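As structure tokens, the structure follows; a few thoughts come after it.
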Ligand SMILES: NC(=O)N[C@@H](CC(=O)O)C(=O)O
Ligand SMILES: [Zn+2]
Ligand SMILES: [Zn+2]
């Protein structure tokens, strides 16, 4: 690995949390994720969501129809109150579904069919621990009396602590963590608990979204927090801990669904995922930590082999377009119209 000068070659990375959507958007989202990601965990919050093995497998086929490379989609089952232990076993046996996703009902985009009773899921969690299927969690409470900036912290205190205590043999990924509280909780937990962290939560805090005007393309869930949390996330990914790994949460929404009086939650970063992470690590003086975060910690936690080939980032400033095609419309990416300092060759 070279230093901060001009070039950085690392083992091919994977994206452990991405939204590819469906239908005519797949041609665009699959092209972006497959440029250099070896594999990706494909989020199942479609309309309707992929709640059973058959729907997850047919989604896999629709993705593969646009995949012209060695990119490998790793599928996820969307948990509902009706999911059964038998469905978990069937999903695992498919060989294509590696995890199941817990969305507290109403917590985020397309989570209306999510889980309303955690206790009701215990037989499902038991089956997951038994067959070795990972539990991925959108960790926010939905109680309208809880301030939106506190919803991750309260989820950890009131819900996640108990799941982690009750299922010591279940591998759990707390997705897209955004707080110091979450980083500390994951670091202090056993080896069965890990977290993904997005590039935008490393690069930005709530001032970027709200100071001097409201910028809807920074609006995602969990929402950007104050800078002490951003600093804690940077500390976590540059600490050398194996518990934190790359998950972009790239979540495209059409331009007019974001630039609206009630805009959708989600930021698009798949156009420059590794490039944006490289900026964050370089800014922290920790480019030497990028490879483990992007290419080792994820597969190691999932129990999958690391990729064996490499990708090379070069210091080569380029301007991000104002928008990219998304189906028959457009998406406005993070950094639209502005420069990015790195480019994957
Ligand atoms: N992160 C987001 O703000 N949105 C995601 C859903 C999610 O990951 O919570 C989406 O699907 O748009
Ligand atoms: Zn989420
Ligand atoms: Zn997501």
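Please read every residue number as a count from 1 along the shown chain.
Even glycines carry a Cβ here, placed using N, Cα and C.
Automatic prediction, not curation, is the source of TrEMBL annotations.
Same-site candidate for Zn(2+) 1 binding, as annotated by TrEMBL with 17, 19, 101, chosen from 166, 181, 191, 249: 249.
Record check: TrEMBL places 19, 20, 21, 45, 138, 221, 253 at the substrate site, and the matching candidate among 6, 232, 236, 265 is 265.
Going through 176, 200 against TrEMBL, the one listed in the Zn(2+) 2 site together with 101, 138 turns out to be 176. 138 are the binding-site residues among 20, 101, 138 whose C-beta comes within less than 6 Å of an atom of ligand 2, given in sequence order. Sequence-distant neighbours of residue 176 (Zn(2+) 2 binding site): residues of the same chain at least 6 apart with a C-beta under 8 Å from its C-beta are 17, 138, 196, 197, 198, 201, 222, 247, 249. With a cut-off of 8 Å between CB atoms and residues at least 6 apart in sequence, the same chain places 26, 29, 30, 33, 40, 42, 43, 63, 73 near residue 20 (substrate binding site), listed in sequence order.
The full span of the recorded substrate binding residues, 19, 20, 21, 45, 138, 221, 253, 265, taken as their largest Cα to Cα distance, is 19 Å. Among the recorded positions 45, 101, 221, 249, 253, 265, residues whose Cβ is positioned under 6 Å from ligand 3 are identified as 249. Checking the binding-site residues 17, 101, 265 against ligand 1, the ones whose Cβ sits under 6 Å from it are 265.
Around residue 249 (active site), taking its Cβ as the centre, 27 other Cβ atoms fall within 10 Å, counting all chains.
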